[in-house]
Amino acid sequence: MATLEESFPRGGTRKIHKSEKAFQQSVEQDNLFDISTEEESTKRKKSQKGPAKTKKLKIEKRESSKSIREKFEILSVESLCEGMRILGCVKEVNELELVISLPNGLRGFVQVTEICDAYTKKLNEQVAQEEPLKDLLHLPELFSPGMLVRCVVSSVGITERGKRSVKLSLNPKNVNRVLSAEALKPGMLLTGTVSSLEDHGYLMDIGVDGTRAFLPLPKAQEYIRQKNKGAKLKVGQYLNCVIEEVKGNGGVVSLSVGHAEVSTAIATEQQNWTLNNLLPGLVVKAQVQKVTPHGLMVNFLTFFTGLVDFMHLDPKKAGTYFSNQAVRACILCVHPRTRVVRLSLRPIFLQPGRPLTRLSCQHLGAVLDDVPVQGFFNKAGATFRLKDGILAYARLSHLSDSKNSFKPESFKPGNTHKCRIIDYSQMDELALLSLRTSIIEAQYLRYHDIKPGAVVKGTVLTIKPYGMLVKVGQQIRGLVPAVHLADIPIKNPEKKYHIGDEVKCRVLLCDPEAKKLMMTLKKTLVESKLPAITCYADAKPGLQTHGFIVRVKDYGCIVKFYNDVQGLVPKHELSAEYIPDPERVFYTGQVVKVVVLNCEPSKERMLLSFKLLSDPELRKEPAGLSQKKGRVINVGQLVDVKVLEKTKDGLEVTVLPSNIPAFLPTPHLSDHVANGPLLYHWLQAGDTLHHVLCLSRSEGHVLLCRKPALVSTVEGGQDPKNFSEIHPGMLLIGFVKSIKDYGVFIQFPSGLSGLAPKAIMSDKFVTSTSDHFVEGQTVVAKVTNVDEEKQRMLLSLRLSDCALGDLATASLLLLSQCLEELQGVRSLMRNQDSVLIQTLAEMTAGMVLDLVVQEVLEDGSVLFSGGPVPGLVLRASKYHRAGQEVESGQKKKVVILNVDMLKLEVLVSLHQDLVNRKAKKLKKDSEHQAIVQHLEESFAVASLVETGHLAAFSLTSHLNDTFRFDSEKLHVGQGVSLTLKTTEPGVTGLLLAVEGPAAKRTMRQTRKDSETVDEDEELDPALAIGTVKKHTLSIGDMVTGTVKSIKPTHVVVTLEDGVIGCIHASHILDDVPEGTSPTAKLKVGKTVTARVIGGRDMKTYKLIYSFHCLSVNSELEDGHTALNSHSVSPVEKIKQYQAGQTVTCFLKKYNVVKKWLEVEIAPDIRGRIPLLLTSLSFKVLKHPDKKFQIGQALRATVVGPDSSKAFLCLSLIGPHKLEKGEVAMGRVAKVMPNEGLTVSFPFGKIGSVSIFHVSDSYSETTLEDFVPQKVVRCYVLSTAEEVLTLSLRSSRTNPETKSKIEDPEINSIQDIKKGQLLRGYVRSVQPHGVLLGLGPSVVGLAQYPHVSQYSPSKKALYNKYLPEGKLLTAKVLSVNHQKNLVGLSFLPSDTGKPDVLSPSMELPLSKQEGRKMEAEERDQKGEEKNQKRKEKKNQKGQAEARLPGKEKTQGKRGLRTPASEQERVNKKAKKASLWEEDDSGMELYYREGEEDMEEMNVLPKEKPTKPAEAPRLQLPSGFAWNVGLDSLTPALPPRGESSDSEEDEKPHQATKKKSKKERDLEKQKAEKELSRVEEALMDPRRQPESADDFDRLVLSSPNSSILWLQYMAFHLQATEIEKARAVAERALKTISFREEQEKLNVWVALLNLENMYGSQESLSKVFERAVQYNEPLKVYLHLADIYTKSEKLQEAGELYNRMLKRFRQEKAVWIKYGAFLLRRSQAGASHHVLQRALECLPSKEHVDVITKFAQLEFQLGDAERAKAIFENTLSTYPKRTDVWSVYIDMTIKHGSQKEVRDIFERVIHLSLAPKRMKFFFKRYLDYEKQHGTEKDVQAVKAKALEYVEAKSSVLEE
């Protein structure tokens, strides 16, 4: 076969021009069976001697792998070109452009003007108006990151910095330019943009010329609701749409954007996609054609081939792809010039309309050491493998600092490099790396890395009037505004700063999205040591910091800090002295030091003061005085206290140093409700507490509070002292004082309190207030209403009102506070005397202990002993027992989850993944899946799935967030998503984390990952149930046990001491007979003696111990080794098996899906037998389950290890070598009409079967029995090429049957004998004759005289009656071995078969046949000469077929495929060379010059005609104007010529003088001849023979259209088209205007003439005139008929559509169109036409039209449907006798006798008028007389009589 590329060109073939079709088919067909280039060259090389042979083969191999590499070279900017269509993903959305991520790490940009025309128009309007338009959305509103878009490359330019920049366009006009209106089909998935909003939907721009696309509102509702948040679609919105309906030949299309339609849209062959119009983003069904290390080659849409590079394989399936695998793929890009199609198999692309979810890489900016190279790509870059096994990619420009320093050799796979992750390619889900030193060492990589307030170093780029540009990193530039160049304003900055200077700046503002970076060079700000304010939350009252003045107003100064945070310094706070005019004292840009007075982050308001010393001094004074005054404590004061004693509700304390007694309630010990009782429990008398707040003081009774939140509020001065300071909107921290049914009272540190009513207590529905809060709980409240007079305020506790910054930060803060308090408790415990308590204090989560099982409790939990100190309670719950079987005394490794400091219990877990943590480095802010292991009241402990580390996360994100519905509560074992905030476990032993959204939670897994059982090895319950006994067995021990259960491949045995063991089927018998089941030999309860041969890891629950059964198998040697569960891995054992080795295996199961038998050779060695390798019998392959029983022993041959290496591949039919002469089973992969089959074998081998090798008996329908996946039995004919050559002939596959070979194999010209009768398939019709394929590589030529005894004028008739693939019988006339020529004949006289052309066509006999009579009458000499001439003519015809001048019509006629490989490759490219090499034909032609001259006289047909000359035409007996002119046939040669040829045969007589008598005789003869001519002219039956004759005739009968048409045909015979046109025009002028029909006949003939010989334009002009002069409908119908008969079906279809618009009220048009569609087998379309007809026509016409359509269905379509139509009509109109009559006629023609009789029976029982009934009875009688018996006739008469009697009796009554 030809190389893959040549036989199946990439993407199918180009569209073939009609004129080329016949010739091309023959060339390609023959090429298919040639021998490949590589094979030929290796054949030659084999003949050379010496060592050169192997070397050359190696080079060749290397080159082929190199070409594969080049083919799969990944995309680089250089490989992009203008017009390339490519799929991209929106990476960033800016105001004026989109950044698009392209495949293979590339990126491009889309300008705002490249979205669509309507959007650009709106933008222009906006610019013209100079104000924003309401309905114009900005780019960020139209596009979001992750959206997939179809783009076209508009240009690849070079930026100022010398980098290549790819400009893209999303405009549908550019993307869908390749589609035409006619190409649009329902189901196509396109992208479009909304161009306008209409009443009933949206006009969409899909960019196809001449097409209006409409999206109806109902089809858009789902999208608007789900994806557009209910908003209407706006101009420019980008949508994926599916074509629902196409009207008017693509003029109008209806679209849908429903998720279901879009996500399942798939491109199919019916949509007629071509390589010119394939669009990226289309999902196709594909088949893997070739698997290479660099990617896959796939076939899709039948004809096209594409590439899938390694980046776009499905990551889960990479490495498991195999040839012929069916996959779904998405088209990524199509190169407009090379037509290379790239596809992706990544699942995310296979659901159109779904955005990409993973948009960034968590380790962006990380520097990595020693990253190994995975692969290097010449023009693109290199791939690397990161630590976690993930692939990353570096573009070529990032592999070195400069082009000169780049060394490709340092990028061999395995070499390691230091690199940095710089970006993430969303399209490839790959991290992008850089190896440039400058990037690796850069402080900042992206704008995201720079935080406001940070001090950065940079280089001065330029100095402009508005400021200075500073380069901070590779891609980062910042602006220092002019006002920030120094502390004071400077006039000439260029004197201070120079380009290239290094400067130290401080970041004022960084907006990564807008890539905006503002910095300051003010020295005071850069070097300030005071804390920087970067958000309003940072501004705590009393905080001192530096800022700069941005505005000076008469009411004060506005001071700005970092990140656009600003505050007001009111006029009275500007200075201790009054400043009447601030503008004179302060200036913009001035650096100032301020103190924060107050800040409201929610309102972004801040009050500042320049009076720095006043406030702190004033604050300190009262405290000092009070101490001097003695025993007075003020409310709000912070004090230290000493615990005196514990009471029921709290601690009695004394305030130090004045020893004032006070009380500290338990709830006030902590902000965390659960920690209060814990602190109370461990605080002892004498302990000192610091920073305790005085809440209230009354009558010597002092109440204290130690809540950190309240203490910090008071310290920060944020607590209002009286009602006048409280305003609605303020956020205050307090505690729950009391709980009532109507709400909750909240008290604040200063003693003020307010009510939170039930309605605004929570965002959730409040049933009972006590469910939500407890007394003493710390809360944040928002003031909603203040009544100063009544001293009341209303508060809201809703989370939505009281949020403090972002949830993650608040959650982390609460968690760290809670754990800090628990550490405080631990320190209290360490002070205790008890060793147990001290030990408990030291125990932290994550510690691993070795313990002993004490007992298993009823609830399934386990108690342990053996801890560090006696008496310590260690417990594992049922869940944490992890399903393990445990019993007292067993040693176990456990991990601590939590220490209960009240119950003094330690909670532990037996889960293996927690005990054996993986030492993996974790990254901060990385997201992980985790499983909840333990729940406390305010936090939970979870384990990370990947590593087993324990992490704590807060269950609340706010102080008020305490209530949970049951559905919201977490459970142990549930999966959560955590973001790590610390990477090392601190003193608590836990990592700190924040929980992700609740949507990411997963339900508890019933069986953990670590416990899952291998899919191939179900868990034997007998091995898992029951506690595992301890044992002292070692390998080699003899044991006795009882059979517990019997499985197909193993037996479970219980030993005497309770240990459970397993005996594999392979260890039961010494010698296993094939087909037996060894396990069946043992019975349950039977005692067996066995020897221990190994153990298994307990963790996996699979085999516990393996034994050899001794009761039968006695040959085990004695020997003892300690039982070891770690033996040689199965993979290693599998390697020990050699291909060809025979093994005994045991059938485990038949895998129906994968079509293989799963077997076990030994306990840990498994194998697979592909179904095709189980038998050569079709019966077995059809029902393998009947032949093979589970557990049965099979004798198999090792073929090799499976691709996964975990299985052995076996065969039951011997080694699967597929060598020449082997018989093997395969599956049909592809059926190629008229060519043969492609067959696939196990392990990816492919073979091809020629049509000549499908069967021993040829048939035209031979391939119809074959469908893909059918199992076939094949004989290997040749393995010379990669694709095997196969035969399915039973004489090859089953030689013993000795079946009759009807058509022998013809593999070369040597197999053919002259005179032999052979059958073959028509290859093509050529100008010289018909090519007949006789064998896979042998073709014969039958020249036209030997094709048929008839001689049609048009070669098209040969194409019609001799289509490609037609089976014909031929006789071999000649075989020329030197020139590889075979001459054939199809004539009935040679083959004994009927003529290949039908005699009913009334064709004239060919000259050869016409002359046969003459030949018989000739004498011997003439006969010999005639014979000689025939042979010569045959030779000459064949020689002529090889002339170089006839290049256009070459096929490989009668050529045996040349063995030379070179010829095969060059055959298509250099056709001429073939003829030049073998130009003997030319020599023959010229060598026989003289004889040829004679021959030309003898055989005028052989005279080479001029190319411009059309064949002469002759009018048959009756020229019909409405028949296509294809019925005109070539005329016989004029008599003159034939008489010449006869004269040539006679010897020339010598001219001698004539006598008088002779002259008289001649004279008489001449007179007689003259009179004969005169008589003939007068004869009315005489046929005219010249133009004059016709002129005379049309003068006598000017109105006869028949004469005019014959006159036209006379000119057409002589191919004088213009004269024929002129005659038609004369006729139209001459025929009387009254003779409408006669004129119409001429018009139709003229249309016919223009259709055959004119252009489309000339035909249109004649048609327009004809419509003006005649009844338009008739002209239209005639032209439609002309088109249909001349096979111009598209034009006919278009014309009918025009007619339906113009003559929609004419039923004839509808009926004609219906018939036209049915003839083209478009039944569905015809039904649609009937529906439309009924809508358009008046109701009185309906029955007629329905009846006509039913008749058409009977004749051309589905008879059953026709009956249904008739039945339906008659049920509505039962008395329409005309319909009944037609129904009867049709049923008689097309139905059975029973059906006809049934209808008659129904009709004669109708109640119709007697006259009508008589008509039906008469018809019934006639039918029975014709088709029935005498008995049937009598029966009808009896029924008629019965009817008459019934009628008369009714009349009498």
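Along the chain as shown, residues are numbered 1 onward.
Placement of Cβ uses the backbone N, Cα and C atoms for every residue, glycine included.
All annotation found in TrEMBL is predicted automatically rather than curated by experts.
Ranges compared are 393-412, 713-732, 1493-1512, and TrEMBL records region 'Disordered' for 1493-1512. In the domain 'S1 motif' (1315-1387), helix, strand and coil residues by DSSP number 10 helix, 39 strand, 24 coil. Here the domain 'S1 motif' (729-798) does not lie next to the domain 'S1 motif' (365-436) in space: the count of CB pairs under 8 Å, restricted to residues six or more apart, is fewer than 3. With a cut-off of 8 Å on Cβ pairs spaced 6 or more residues apart, the domain 'S1 motif' (542-611) and the domain 'S1 motif' (453-522) reach 3 or more such pairs and are scored as touching. Helix, strand and coil residue tallies for the domain 'S1 motif' (187-258), in that order: 13 helix, 34 strand, 25 coil [DSSP]. In the domain 'S1 motif' (83-171), helix, strand and coil residues by DSSP number 23 helix, 36 strand, 30 coil. For the domain 'S1 motif' (729-798), DSSP puts the residue distribution at 7 helix, 35 strand, 28 coil.
Across the range of the domain 'S1 motif' (281-346), the DSSP-based residue counts are 3 helix, 35 strand, 28 coil.
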